[in-house]
Amino acid sequence: MRWSTSVAGDRVLRLPAGLQIRQRDIRVALALIGVLAALVLLALGTGSISVPLDVFWGGALSPDQHYALYDIRIPRIVVGFTAGYSVALSGAILQSVTRNALADPGVLGLSQGAIVSVMLVLVLAPSAPQWQVFLCALAGGCGVALVLFMLTGRERGNSLALLLMGIAVESVLSSVSGVLLLYMPPEVSQSLSEWMLGTLFQASPRNMFWMLPLFLACFVGVLWAGPPTRALELGDELAQSIGEEVGRSRPRLLLFAVVCNTAAVAVVGPLTLLGVMAPHLVAFMAAAGARARLYLSALTGGVMVVLADTVSRGIAHDRGLPIGVIIILTGVPLAVILMRRHHVA
């Protein structure tokens with residue numbers, strides 16, 4: 001492991017097996033980790049029950065403080081970060097696979113496929129365990145991906161055709177979920193309405209440990225997804241010319257993106273626009289390579305969700321507002337600013 005200068009003149013850290021990381025990417029990652037650490041400390045003390053940091057580190061917690069920390073706040077932080085990490089990673093992969101900067105699990109209908117599947121499970125088997133809900137959400141997302149591949153046919157390499165088909169499928173599934181919600185019992189429909197906005201009200205120690213393997217899978221999966229993602233960004237013909245098997249790489253990357261997204265949707269609901277915003281924020285901070293961009297996008301998504309949850313709990317205490325609403329309210333103006341800057345440039 002040593003520092004050197006790349007052909008492009010960038011300062012890079014060279015690792016074994018030919019891996020290299022740009023110095024600027026490392027700085028951005030360290031900055032994001034620092035922001036995350038500050039947000040975690042802030043989130044631990046935010047809520048209706050005050051928990052000073054000295055009391056937390058000293059371990060002299062009252063029963064109420066112990067419950068607020070270990071049953072509400074810490075699970076919300078872990079589940080929120082993992083969900084944001086997974087959704088943002090999914091969005092970054094989809095943008096590379098489709099070569100479309102607007103590609104997102106929600107825009108392509110993958111989130112709606114998972115939502116409809118989860119709603120059907122809750123209607124037919126309200127007491128279904130978490131693993132069954134996850135499998136049904138995964139089946140719904142994969143089903144939508146398969147439908148998109150079938151509808152686009154030979155045009156699946158056309159990013160515009162894939163995007164338009166995704167919007168059409170998403171519209172149909174949104175109507176289906178609206179009809180299902182209309183005929184559900186009031187107590188179930190109210191919880192589902194909040195879940196469909198993206199919320200951490202289901203965050204619990206059990207779900208926290210359920211989400212940790214997802215985080216590890218996403219983290220390790222980027223090591224595999226980096227090279228084919230970089231190749232597909234060049235276009236199908238160029239990717240094939242450098243030895244990439246496009247016919248195998250694209251479905252595998254799409255499946256990986258579906259798993260990352262649907263696992264998060266099954267717990268926290270859809271996080272609208274997060275998969276679009278996080279990669280664009282990374283592009284604004286650092287023009288990273290494929291693998292570094294995936295990691296930085298995922299880390300940015302996790303930080304954004306923790307920030308949104310901290311803000312929502314600061315407004316509505318431990319219950320909090322739907323984080324999806326906070327992300328949209330803060331993300332849309334940010335996206336407009338970034339697009340205007342890009343247009344001017």
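Heads up, the Cβ atoms here are built off N, Cα and C, so glycines get one too.
Only residues 6 or more beyond the boundaries of the transmembrane segment (28-53), in the same chain, are considered here, and those with a CB under 8 A from a CB of the stretch are 61, 64-65, 68-69, 72-74, 76-77, 81, 282, 285-286, 288, 295-296, 299-300, 302-303, 306-307, 309-310, 313-314, 317-318. Look at TrEMBL and you will find 28-53 (among others) tagged as transmembrane segment.
Here TrEMBL flags 73-94 (among others) as transmembrane segment.
Per TrEMBL, the feature transmembrane segment maps to 106-125 (among others).
Summarising the annotation, TrEMBL assigns transmembrane segment to 131-153 (among others).
Feature annotation from TrEMBL assigns transmembrane segment to 160-184 (among others).
According to TrEMBL, the feature transmembrane segment maps to 208-226 (among others).
The feature transmembrane segment is assigned by TrEMBL to 253-276 (among others). Residues 79-80, 82-84, 86-97, 101-107, 110-115, 118, 130, 133-134, 137-138, 140-142, 145, 195-200, 202-203, 207, 210-211, 214, 217-218, 221, 225, 228-229, 232, 301, 304-305, 322-324, 327-328, 331-332, 335 of the same chain lie 6+ residues outside the transmembrane segment (253-276) yet bring a C-beta within less than 8 angstroms of a C-beta in it.
Residues or ranges marked as transmembrane segment by TrEMBL: 282-308 (among others). Residues 21-22, 24-25, 27-29, 32-33, 35-36, 39-40, 43, 77, 80-89, 91-93, 96, 218-219, 222-223, 225-227, 229-230, 233, 271, 274-275, 323, 326-327, 330-331, 338, 341 of the same chain lie 6+ residues outside the transmembrane segment (282-308) yet bring a C-beta within less than 8 angstroms of a C-beta in it.
If you look up TrEMBL, you'll see 320-339 (among others) marked as transmembrane segment.
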Subject >> Beyond the flanks of the transmembrane segment (208-226) by at least 6 residues, Cβ under 8 Å >> reply: 74-75, 78-79, 81-83, 85-86, 89, 93, 130, 253, 256, 259-260, 263-264, 267, 289-291, 294-295, 298
Original post:
Looking only at residues six or more beyond either end of the transmembrane segment (106-125), which have a C-beta under 8 A from one in the stretch?
Top reply: 90, 94, 132-133, 136-145, 148, 162-163, 166-167, 169-170, 173-174, 176-177, 180-181, 184, 188, 192, 196, 257-258, 261-262, 265-266, 269-270, 272-273, 275-276
Subject >> Residue numbers, six or more beyond the limits of the transmembrane segment (73-94), whose CB comes under 8 Å of its CB atoms >> reply: 36, 40, 43-44, 46-47, 51, 103-105, 108, 110, 200, 203-205, 207-208, 211-212, 214-215, 218, 222, 225, 229, 253-254, 256-258, 260-261, 263-264, 267-268, 271, 274-276, 278-279, 282, 293-294, 297-306, 308-309, 313, 318, 320, 323
